[in-house]
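Swiss-Prot has this to say about the protein:
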- 1: N-acetylmethionine (MOD_RES)
- 6: deamidated glutamine (MOD_RES)
- 50: deamidated glutamine (MOD_RES)
- 52-164: domain 'sHSP' (DOMAIN)
- 100, 102: Zn(2+) 1 binding site (BINDING)
- 107: Zn(2+) 2 binding site (BINDING)
- 153-167: compositional bias 'Basic and acidic residues' (COMPBIAS)
- 154: Zn(2+) 3 binding site (BINDING)
């Protein structure tokens, strides 16, 4: 059974109405009028329609899947290189940290940093966990599940991030 954890349906469909839209991982790329005043843009230009799913499709995707055989986390980290990322397993949690120093872009200078923490299922084999970064900036963290009644041993360790040359197919539900 494949379990996908996502935002509630009402938050996905009406994502542009929530102020938190400004603070997702799509930061630092400039703001549009509908980011600040979503109702004003439709009043001024009634023929202009922002996609209701823009938030989900274009912002930092974080998708967790847990099926019978493995546990997978997909995380959009397109602004970071493998050297900017740190992935650690600490007890029952995986912590992903990304930070890059100040860089110049079209609008000035920008620096980015994020922290994500996910709880690992107790039956994930922590010794076989892998992590890779695709060419399109999708970080894939995965670990196989143990099918016996034994629980996985817990240890604190860093997981190296390997670089893949091909893009990841976008995770789909």
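Yeah, the Cβs are placed from backbone N, Cα and C, and that goes for glycine too.
This view paints the features noted in Swiss-Prot onto the structure.
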| residue | record | Cβ neighbours (10 Å) |
| --- | --- | --- |
| 100 | Zn(2+) 1 binding site | 15 |
| 102 | Zn(2+) 1 binding site | 9 |
| 107 | Zn(2+) 2 binding site | 9 |
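Mapped onto three states, the DSSP output places residue 107 (Zn(2+) 2 binding site) in coil.
The average pLDDT the prediction assigns to the domain 'sHSP' (52-164) is 84.
Distance between Cα atoms for residue 107 (Zn(2+) 2 binding site) and residue 100 (Zn(2+) 1 binding site): 17 Å, as a whole number.
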